[in-house]
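See structure below.
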Number of protein chains: 2
Amino acid sequence: MIHSLPIIHKVEVPPKQTLLQEFEHNVKEIFFSDNPLSKFKNQNGSRKFVLCLHSVFPIFDWGRSYNLQTFRYDFIAGITIASLCIPQDIAYARLANLDPQYGLYTSFVTPLVYAFMGSSRHIAIGPVSVVSLLLGTMLTDEISDYKSHEYLRLAFTATFFAGITQLTLGVLRLGFLIDFISHAAIVGFMAGAAITIALRQLHGLLGIQGFTKKSDVVSVMRSVWSTMHHGWNWHTIVIGVACLVFLLVTKYIAKKKRKLFWLAAIAPMVSVILSTVFVYITRADKKGVLIVRPIKKGVNPISAGEIFFSGKYLGPGVRIGMVAGMVALTEAVAIGRTFAAIKDYSLDGNKEMLAMGTMNVIGSVTSCYVATGSFSRTAVNYMAGCKTVVSNIVMSITVLLTLILITPLFKYTPIVVLSSIIIVVVLGLVNIDVVILLWKIDKLDFVAFMGVFLGVIFKSADIGILIAVVLSFAKIILQVTRPRTVVLGMVTGTSVYRNIQQYPETTQIPGMLIIRVDSAIYFSNSNYIKERILRCLADEDAERTGSELPRIKYLIVEMSPVNDIDTGGIHAFQELCNSLQKREVQLVLSNPGPIVMEKLHASKLSDLIGEDKIFVSVADAVATFGIKGEEL
Amino acid sequence: MIHSLPIIHKVEVPPKQTLLQEFEHNVKEIFFSDNPLSKFKNQNGSRKFVLCLHSVFPIFDWGRSYNLQTFRYDFIAGITIASLCIPQDIAYARLANLDPQYGLYTSFVTPLVYAFMGSSRHIAIGPVSVVSLLLGTMLTDEISDYKSHEYLRLAFTATFFAGITQLTLGVLRLGFLIDFISHAAIVGFMAGAAITIALRQLHGLLGIQGFTKKSDVVSVMRSVWSTMHHGWNWHTIVIGVACLVFLLVTKYIAKKKRKLFWLAAIAPMVSVILSTVFVYITRADKKGVLIVRPIKKGVNPISAGEIFFSGKYLGPGVRIGMVAGMVALTEAVAIGRTFAAIKDYSLDGNKEMLAMGTMNVIGSVTSCYVATGSFSRTAVNYMAGCKTVVSNIVMSITVLLTLILITPLFKYTPIVVLSSIIIVVVLGLVNIDVVILLWKIDKLDFVAFMGVFLGVIFKSADIGILIAVVLSFAKIILQVTRPRTVVLGMVTGTSVYRNIQQYPETTQIPGMLIIRVDSAIYFSNSNYIKERILRCLADEDAERTGSELPRIKYLIVEMSPVNDIDTGGIHAFQELCNSLQKREVQLVLSNPGPIVMEKLHASKLSDLIGEDKIFVSVADAVATFGIKGEEL
């Protein structure tokens, strides 16, 4: 039974676009797919200026409706994340091989800048563990003496160029480039970095002096074992284990009772205070418990003159900056998106990059190093009920007060407590459930995860990034070269045609083969698609010759999913037509889209195929060419 | 009127594959998509060996049914292409800055090897203009003194590694990599190389001594103008113009009357003979007409010891070899495919690479340089009626006889005749019609063409290749990051849903928005697709609020073209679900494929969406959720 439709529709060729229209359309699709200028339409000059201001500095937009009620929430959230960030800042600066005050400097300036320009409401800005580790590794590769002034200058240089990289991406609207690192690769990088960081903390936790500078697991573990009998300090270990237990227990409680989240948030600060007091009273530092270098008191000094704009460190500075800037951006965007999705507001990726870039450039001239959104603090910020980015301002001011007033009090803070804090934070970055899900959903994603993960822990963070990029590209290449083609059959009694492998109850039409191509047909896959179709035809023909079904006379190609075809694709279709002619099979097209129709016409391929062989639907084609009167 | 279907079909989850099955399937799709082992199935051991032999050396397969009748055709074709290739060989060797005999050596050994291993029936193997130019440029960049023995050794080294590159691609079944250079880029490269080569021939044509070694248009033209008043040799110009006119006229005649194609084929040989005799008689060489360096008599010497396997030239040799090998392969495969399509036989890309690789490796140890399929000679071979690759053997033997017997006769051949021959051949590589078609069909392709073309003529061939690769990748990246999403409407009176922009007569269903996603959903585009869908929903909602249509309550995503989804895509869908829930819109899926269904289940996303919201077709979904009893 052939389902014959009342009217056979004709596929029209769309009106030809002018070159300018086409160009405009392409540029818009590629760079302005989010239509950022739509709100500027039909506005007068001064209004446009205001909107433009709002767009660059969102604070002027939401700031007008800001009130005391909202501020109460933001204040509490801000104080909470400040108490979390101060110990983290000191600890992370050590990961980057910088003096502790640089972590605090970064937590003062960058959140302020972000508050004016950023569009995420929940993100908490400041130094983060992964970027600190990356920076530390890459900077030490260039200048191994991390106590030298050159090292600090290179750090500022890298920060400056990280900001420039982010600004450039934002201005050129190339934000989509960060989508090229696959989710799996990011998870792998995070997990690898977390474990690397945690293992490196063993030297703090065990009180080992003269630890290896390498970050790979093998070197670290060798360093740990080799010092086992003489290098471990038992006083340190006791303090460390006590801190660890305290932090883990509060974290566990906070996880069980979400109302008690503040317990986990203030636990690091509490353990810093308690351990500092303990060391001060017992003078444990005389018994080999290492304490932090004295933290310089006072507000950020200007560092504009420190940046290398020439000389042999310019090149490394730019390179490290680009890598760190991209990684920082990836992390910030991932965080921003997660929370934007929870609260259903939209986040403009390109605008975020502008904010991040500006904040790092300003940071680099005010003694900050690369800052971005922090996973742990953002989550606390969200749970503490922050409403706007004002919580970042509150945090920034708290850090400022700390810098001015109480830094000398940190003098007796034992390093081991910082190590414990880092370990607990970074272990939160390893998410076993996500890894299991990767394995379950997509084996290729799991391979990418493992590749990056192993690269980071056995080699180094930058090698991990390289692996991430290569694997992500390999997947993209696979996607474009190996598109799917599916044989369709009719769902009995309807005019619906579906994949015969998925729906074995569908029936094939005698004398016809229906194939759907599920991709744009470009040079990269056109030849594969052509050969695939021909092979499929040969296989089906051989199969049907065995039974008593009639020979295939029509090859219907369902083109609905084919959104574009380029000259390579047209070429392949011409070759397909040639081959089919030799085999006395007619090529029939179903539902080519507007762009495809236009190109079929421009290339005269539609004449070769025949206008009467192009249909709106497979059902129409079958109704026209099907063997009438035969029961299926 | 809602089209209600008799039965609402359910989308089943396919049976779970084991890890091994999945792995096997993936490897097969990626590397063995042409199913090369199918014929080995159900065969016994000795038969398998024979089939394997046939597979590596196709000559043993078709050779058994070869007969005298076929040989007559091949013999005529072989003699014809030999008469064309001998002058070309001498000319092309000069493009590569090598002594003329190396061109002849290459035309003797490589076609023989190819004849045993290759599967194309029409291709004519030997040195070609573009690869010779590329090799000449890149080798001269490394060793500017092209008369030195090092230069020759580097040429052999590059040839060796070109062969190794081709072999590696073939063995690893990475043949699909050459599909990454777009058709447009190849056309641009060919045209640019042709014009560069043609312009460089002006120095031969005008009899200029001490010509620039650079290949870009600006340097060449400057060199030509600066020698205008004292460097041009009028005797040379007269001979050159006479040759050019003769060659162009015969070519024109051959084009008009395809039966006279042999006229164009033997014209180069005739002009070489006539001009040589002319120079010998008039002793025009004493009047400044340059003649070729004496060609060494005798068969190819062994050059295995000449190849650099260590030292400072190993690196450049490998690099040049890889580039030249890839370009040679691209050209050969393009030629092979064209003629395979005309005669409808299939060409195994990976097997071709093995043949090409073996032939160049053997070539490199027998004093040949990189050989591949020649456009001009293959066309002549085809028109001369060749049936098999035996015509290459005939050509090879003819070249051998030339080498042994008559090379001294070429002593008085003027260089200008070689220049004329080259100009006429390479101008055939510039195909204005194809360029116009590129412009008409795809503006992006045209941009790629122009980029590569301008890169080759204003900079150099290798820069052109770099541009080709970058532009091709840019296009692939665009394809995967910016997939199409289309709003569908119902073709009135049917259950067919089509793009409302293409078919304005379709109607939208009240309270529903139907969107088709035309691509696999991967990390690289998942976020874009999500945002695109949400923006589309917001736009449609705003539009419908104006009119009196009901608010959108159902978002139907037609998933037929979505052949795969990875963890990034699953993530994006979860975020989409969250956002839709806030907006009180139900997400409904139509016809997800088997792989997508499996992953929706593995990730539990199908529970979040609801099994009852997944349908086989849009029509089913509309029938279930549509506002019943309402007239559209």
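Heads up, the Cβ atoms here are built off N, Cα and C, so glycines get one too.
Given the structure is predicted, the values throughout are model-derived calculations rather than measurements.
The following features are taken from TrEMBL:
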DOMAIN    B:502-625  domain 'STAS'
TRANSMEM  B:113-139  transmembrane segment
TRANSMEM  B:151-174  transmembrane segment
TRANSMEM  B:180-199  transmembrane segment
TRANSMEM  B:232-254  transmembrane segment
TRANSMEM  B:260-281  transmembrane segment
TRANSMEM  B:320-342  transmembrane segment
TRANSMEM  B:354-376  transmembrane segment
TRANSMEM  B:388-410  transmembrane segment
TRANSMEM  B:416-439  transmembrane segment
TRANSMEM  B:446-474  transmembrane segment
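Residues of the same chain lying 6 or more positions beyond the ends of the transmembrane segment (B:446-474) and with a Cβ under 8 Å from any Cβ of it are 130, 133-134, 137-138, 180-182, 184-189, 191-193, 195-196, 214-218, 323, 327, 435, 438-439.
Against the transmembrane segment (B:416-439), stretch B:260-281 has more CB pairs under 8 A than any other of B:113-139, B:151-174, B:260-281, B:354-376, B:388-410. On the 0 to 100 pLDDT scale, the model's mean across the domain 'STAS' (B:502-625) is 87. Here the transmembrane segment (B:151-174) touches the transmembrane segment (B:354-376). Their Cβ atoms form 3 or more pairs under 8 Å, with each pair 6 or more residues apart.
Fewer than three CB pairs closer than 8 A are found between the transmembrane segment (B:260-281) and the transmembrane segment (B:320-342), and contact between the two stretches is not assigned (pairs 6 or more residues apart). According to DSSP, the secondary structure content of the domain 'STAS' (B:502-625) in residues is 65 helix, 21 strand, 38 coil. Annotation: stretch B:354-376 has the most Cβ pairs under 8 Å to the transmembrane segment (B:113-139), among B:320-342, B:354-376, B:388-410.
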